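Peer 1: First the structure, then my questions, so here it is.
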4 protein chains.
Amino acid sequence: MFVLVNLKAYPCDPVAVAEAAADVAGDTEATVAVAPQAADLARVADTGVTTYAQHVSPNGHGSHTGSTLAESVADNGAVGTLLNHSEARRKLADIDGSLDAAARADLDTVVCANNPEQVAAAAALGPDAVAVEPPELIGTGTPVSQADPDVVEDAVDAAAAVDPSVDVYCGAGISTGDDVVAAEELGASGVLLASGVAKADDPRTALEDLVAPLD
Amino acid sequence: MFVLVNLKAYPCDPVAVAEAAADVAGDTEATVAVAPQAADLARVADTGVTTYAQHVSPNGHGSHTGSTLAESVADNGAVGTLLNHSEARRKLADIDGSLDAAARADLDTVVCANNPEQVAAAAALGPDAVAVEPPELIGTGTPVSQADPDVVEDAVDAAAAVDPSVDVYCGAGISTGDDVVAAEELGASGVLLASGVAKADDPRTALEDLVAPLD
Amino acid sequence: MFVLVNLKAYPCDPVAVAEAAADVAGDTEATVAVAPQAADLARVADTGVTTYAQHVSPNGHGSHTGSTLAESVADNGAVGTLLNHSEARRKLADIDGSLDAAARADLDTVVCANNPEQVAAAAALGPDAVAVEPPELIGTGTPVSQADPDVVEDAVDAAAAVDPSVDVYCGAGISTGDDVVAAEELGASGVLLASGVAKADDPRTALEDLVAPLD
Amino acid sequence: MFVLVNLKAYPCDPVAVAEAAADVAGDTEATVAVAPQAADLARVADTGVTTYAQHVSPNGHGSHTGSTLAESVADNGAVGTLLNHSEARRKLADIDGSLDAAARADLDTVVCANNPEQVAAAAALGPDAVAVEPPELIGTGTPVSQADPDVVEDAVDAAAAVDPSVDVYCGAGISTGDDVVAAEELGASGVLLASGVAKADDPRTALEDLVAPLD
């Protein structure tokens, strides 16, 4: 399983979460990755954890003030990036462009989507993975695998019909090891989570609990 | 064949073009449609021509100042809408939402895209048709069917692989009957054109020439 | 006083509201205007009511699919336009561009803003009027003149300091004649309202009540 | 004078430029600042140079994936930020929100604008500085102080009329010490430049030439 902890713009210590994630990742078969704010990427990557950007822009080098250049993100230690998160929805043409930008910078890509139709659309653009996150469940604490298991299975089927090489992750409401196991049983090969770890009193324990049933 | 004349924000008389299109449509097997500015929809539809909106918003009824409500567009005579034109690129989630909005208002839908990958993505969202328009050819007068025939064939294949019920149109540089025939031979079941008719000295003659080889 | 009824994307009959507004306008010193969806502009203007667009785009004539061209809006009977409504926030440079576009098409302009600082910024761009609408009060039924009278007075002062020729309107929660009088006493020379009329069982009576204390 | 080198998304070595800028800054009365990609902020700030972000988002801490949090930028060494650069135009309400966010994180602010009207609007929002950069001159090598001196003087006057405490910088085409002197003589208290240094064969020499006439 791939477990991605999205730190969003939370008031957590990104390095402390990253160190905990790096430690926990050493003791499990699962890959545990952390996606901090762009400005925190270098410090997070220095911990040795698998580091993702939260977004990269579709542009390449050039006159693009305020963009998040894929090459810059990679130079600072990121090995992958989220794209089109529900809090950072992008134009279809720009998702396509950002996938090209990520490919040039050798970044793995996870394109988020609201529902199975959008998952299929995202899969058609050729990312490494797609993630289905029903917006109405994000941050609720109710896992999508429990609130709406069909949406996960439908997303897995939808992506497979378009391109079987694209992994499917699921997000929204994931906070326990049981949620991760449930996601796996529904066909997901990864999970996205955020507040369950980033806002936990003890992120290390939260991560240990999360990956415990996976080994 | 489906022939859609997009009036964009051109300084033409939308009613005069619509009347010419309605006349020409009566003498051909092809469907000839006109897509004017939203404010001109009612006057264009009054000519009897098949009328398309240039865009509809993803929202339904409610507090959405400045939106282009699908129901309002339909109430004023539109029977279909373009979506995600290269001059009006939209978020993936909003294209999906606009397709739902169009379905509620009984509008046919044509989602535009830059390349075969985006055509496949658009087809996965379930529109009536997708249109491939390489941005670099728009307005050039060089038809895509001649400058880059592969992109049309690849778009036809890409859409068919995702959903064979989705029609594929092509645009960019179409201005003559030969261009339309070439598009048809490459597998397209419709064409989008704009300046070739809207900016012609005599739109009626331009349209007649366009559909002449189709009958 | 200037009273603008913004129909947003409400499920009302725009022509019925416009006819009521035209009638009421004939019996009062106040100017009563209606801002419908762009596609409804021509039918609303046909009632003889003062007709506003909800938005116009910064572009002029040209290749701008899906834009709302100021000239097209004017050709269909609009004499003014809202800009930058809180449901249609725009870039600073585009508000400036839309004001230029509106000037070319001879449209009066009302730029909306959240607070006195943004009112001052909007006034610096040279519109005919600015409107202060605290977003948290929109649609609440609690008038800004009652919930936050300081914001109206501060907006009036802020606009006057930048350009005394710019009128100041206020919106958010306006639904009765008392609200309009209160706005006038705070220095506003107009009001924006929406659901109080557009969603009223009897828009005509709602409008009559609204303007009754003004004469 | 304040001299800000905007690295945009150029393929330069941000640390090398920052080291050169830090050295040159030590030998001049002018403040020399560098604005790199967000992911490069920490490494640039480590050189000791005055470090600016290219943009910060209007949001505070919270669920804002893909945002550029002001606090995160400050934690990584930035002491200021550009806002609303012509390559990153923002909504009026978001510029206002980003100024609040920057204030919370103790960042100095420079709001860019196209023309004197937008400069006045930006000044009304209370930034530390505004910068006038006619878009048609950016990257041309022809300095605004030479191509269009009136726009600089008008911007200085426009900002002063709204808020005399707001500094005015100018940008677009600045590449030599003479350009900086000309800007100063027109009333600007700072300059923005980009390619003139970032794409120079020898950024250090370019910077030395730039500040030489200032001492």
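Backbone N, Cα and C define each Cβ position, glycine as well.
Caution: TrEMBL annotation is automatic and unverified by curators.
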Peer 1: Have a look through A:G26, A:G173, A:G177 and flag the one TrEMBL assigns to the substrate site that A:N6, A:L7, A:K8, A:I138, A:A194, A:S195 belong to.
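Peer 2: Record check against TrEMBL: substrate site with A:N6, A:L7, A:K8, A:I138, A:A194, A:S195, extra candidate from A:G26, A:G173, A:G177 is A:G173.
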Peer 1: With H, G and I counted as helix, E and B as strand and the rest as coil, say where DSSP puts A:K8 (substrate binding site).
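Peer 2: SS state of A:K8 (substrate binding site) = coil.
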Peer 1: Which of A:L7, A:I138, A:A194 has the fewest nearby Cβ atoms, counting only those within 10 Å, among these binding-site residues?
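Peer 2: Output over binding-site residues A:L7, A:I138, A:A194: least Cβ neighbours within 10 Å is A:I138.
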Peer 1: Rounded to a whole angstrom, what is the C-alpha distance between A:K8 (substrate binding site) and A:H85 (active site, electrophile)?
Peer 2: 10
Peer 1: Report, in whole Å, the straight Cα-to-Cα distance of A:E133 (active site, proton acceptor) from A:A194 (substrate binding site).
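Peer 2: Approximately 12 Å lies between the Cα of A:A194 (substrate binding site) and that of A:E133 (active site, proton acceptor).
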Peer 1: Using a Cβ-Cβ cut-off under 8 angstroms and a sequence gap of six or more, which residues of the chain neighbour A:E133 (active site, proton acceptor)?
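Peer 2: When sequence neighbours closer than 6 are ignored, A:E133 (active site, proton acceptor) has A:H85, A:S86, A:C112, A:A113, A:N114, A:V144, A:C170, A:G171, A:A172, A:L192 within Cβ distance under 8 Å.
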Peer 1: Given the recorded positions A:N6, A:K8, A:H85, A:E133, which pass a C-beta cutoff of under 8 Å against chain D? Sequence order please.
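Peer 2: Filtering A:N6, A:K8, A:H85, A:E133 for a Cβ under 8 Å from chain D leaves A:N6, A:K8, A:H85.
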Peer 1: State the three-class DSSP label for A:A194 (substrate binding site), counting H, G and I as helix, E and B as strand, and everything else as coil.
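Peer 2: For A:A194 (substrate binding site) - judged by DSSP and reduced to three states - the answer is coil.
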Peer 1: Within 10 Å of its Cβ, which one of these binding-site residues (A:N6, A:S195) has the largest number of other Cβ atoms?
Peer 2: A:N6
